[in-house]
Amino acid sequence: MTASLTNMLDDLEARLERTQAELQVLREENHRLKQRLAPDEAVTADQQAPVESAQVDNATNVDSTANVDAALVKPEAPENTIEPEEPEKPEQPEGAAQTPSPHALLNQWYERYPNAFFKGHTKPLKVGIHQDLAEREAWPNKLIRRALANYVNLPRYIKAVRVGVERVDLDGQPAGKVDKEAALHAAQKRGDKQAAGQPKERPPKPKAVAEKPRQEAPKPPDSERISEKSESRKPLSMEDKLLGLQQKFEGR
């Protein structure tokens, strides 16, 4: 397009030069005619006046036409170029020069969420609180999980997770209670066998010694007992008495 505009301008300039040259030729010819026709100067002047005016008007029209054409072919201003948009940078917390470590991020949470993260007496956190942290924090999800794991594995936190204890969200509001499964998992971390459902071993009870039944001698029949009684009731003879005394002396 620039080349075509240049050609049009050159064409207009050439036309203007030709017109001016023709005008100059006419003026010179007019001057020669005036010299030849000196006696008829008045008549010639009257006749040449319209011609000159016509020529001047023609030259003026040519100049104005050239100016108009030049104005029409005036080069247009270049269109505004669209600058590429710069990619938006992820927003970072104010005052953060670089990504913190999990421990450093946990220390920030102690200050940012004082009703949820405690350095002393601890309360169990809401189930799924890592999702709430991901919505509020500008850090990667992996870093948030590692910082949260550092907190929930603290001994004081594990000690606080017991059945029925109230859980809290990031604002310290109640968010459910600890169920048996979570309490059992925490008890296993504490090494609490009784809380984990394993009863303590009891010392074995001493076995009772079974008493043997006494063996009673079989009772003799009634006839034998009657005969024994009758024999025991008989008086001893003299020989029996002497024999008994002799046995006593020998036994001494």
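Cβ atoms here come from the backbone N, Cα and C positions, even for glycine.
Taken from TrEMBL, the feature coiled coil applies to 2-36. Among the features that TrEMBL reports, compositional bias 'Polar residues' is placed at 55-67. The compositional bias 'Basic and acidic residues' feature in TrEMBL is assigned to 184-242. Residues annotated as domain 'ProQ/FinO' in TrEMBL: 97-206. For 36-100, 184-252, the entry in TrEMBL reads region 'Disordered'.
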Confidence summary for the domain 'ProQ/FinO' (97-206), mean pLDDT rounded: 86
For the domain 'ProQ/FinO' (97-206), the number of residues DSSP places in helix, strand and coil: 48 helix, 8 strand, 54 coil
